[in-house]
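Lifted from Swiss-Prot, the feature list:
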ACT_SITE  K78  active site, charge relay system
ACT_SITE  S158  active site, charge relay system
ACT_SITE  S182  active site, acyl-ester intermediate
Amino acid sequence: MTELNKLTLADSIKGLKNKDFTSTELVNAHIQQIEKHKNLNAYVTKTFDLALKGAQIADQNYAQNKARTLEGIPFAAKDLFCTKGIRTTACSNILKNFIPNYESSVTQNIFNNGGVMLGKTNMDEFAMGAANITSCFGNVINPWKANNDNSDLVPGGSSGGSAASVSGFMASAALGSDTGGSVRQPASFTGLVGFKPTYGRCSRYGMVSFASSLDQAGIFTRSVLDSAIMLEAMMGFDEKDSTSLKAEVPQLQSAIGSSVKNMKIGVPLSLGEGSIIEPDVMKMWQDTIELLKNAGTEIVDITLPYAKYGVAVYYVIAPAEASSNLSRYDGVRYGLRVERENMTLDEMYEMTRSAGFGEEVKRRIMIGTYVLSSSCMDAYYLKAQKVRSLVANDFNNAFTKVDTILLPAAPSEAFKIGEKQNDPTIMYLNDLFTIPASLAGLPCVSVPAGLSARGLPLGMQIIGKQLDEYNVLKVASTIESGVKHIKFEPKGF
């Protein structure tokens, strides 16, 4: 029999319903795996007692035929989802001992559906990073290793802990957040399905903010069906979030295995020309195009003329919003406070923020404050907002001709820890292919579609029209079926 922690979420639900095993056994299998692989540093807070209590309730519900959708399924949550009575830090020293007195809407939705939480996962500080190396708890190690090379690799960021937990069989699914690619890029680096829904599909209430017009909850799973199951539980209107969409949650599971015949898939190959895209990634892109052609889709060459400015636009808008959002961390009401005798209020603010924020967060606050200053507002911030509209228009125009768009999730395979650490610009380019869809608020997924020459996973990104998660999952499911001969599983796990 397959080890319980290696079952997909859908197979775990099936096994629990058939009483092949109990939720307590399933949770214990995951706890053992977490303890076995502590060195990956995927979890920053473990809630095993809570998970085992939840598993006992789940077992009772199964015995009484009262099981909910996710009854007894062990999941992990990125440490920026506020969890009532459980430490929530955003992996920053400024919030290192913060315990919220309320629950985020997304975690509450999962609890309401019967999910049990194993713990909170490591992440880049305040979700600012692409390699999970800016956390105050230290970096996360990718469970994957390249062929004939034992070097530690990054899991991607900012949701690196969530990605490592699912890839390393330490959770059935894990919540992440995606602002500019923080679910899709780590999913590509760790061989997972990483889904970011339409902006506003999942409530942002109770999520520690980075850039409010871009932040969206997402999910990591080991199959496309698992993503559909989790999304149905996570999504829905929430009056506590002013950007939440009043849209009915579709029956996403029926998309799995549905025919894509006669669907039109847009391919902006020109976006890959002259970029930092690696040959292995380009080959995967071409192979996926052939796979979809063979499945009966029509491949349409499209252009997204303004998408190439996405990274520049993002690194004006996101830091601007971050500088505003992070101004609340001042040591007055909660979080870290640095004090000494005869200190003025201004000195307390200054010393608290200097001690509490890491280098990357400080860099982005400074950039954001600069672009919002009266002398730079027109030249940078307002111009970036105009180009953001042009990027969104590019997608609107493309979607008059096609149903979905196909792009790599990342320009490279996972790289070594420390490799790009000293050059922020090179690090920012990791999000080259994910940022455009974020700027337009579109639903998108990274699905494992191939291995590099060094045996590392590569993810293909499918982007859909607003609120069209269904077709995104349909195409992702077709790609998943087409590469089922490849084992997307790290060695030694």
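Glycine residues also receive a Cβ, built from the backbone N, Cα and C atoms like all the rest.
Structure coloured by features recorded in Swiss-Prot.
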| residue | record | Cβ within 10 Å |
| --- | --- | --- |
| K78 | active site, charge relay system | 32 |
| S158 | active site, charge relay system | 35 |
| S182 | active site, acyl-ester intermediate | 36 |
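A strand conformation is recorded for K78 (active site, charge relay system) in the three-state DSSP classification. S158 (active site, charge relay system) is 9 Å away from K78 (active site, charge relay system) when you measure Cα to Cα.
In this structure, the CA atom of S182 (active site, acyl-ester intermediate) is 5 Å away from the CA atom of S158 (active site, charge relay system).
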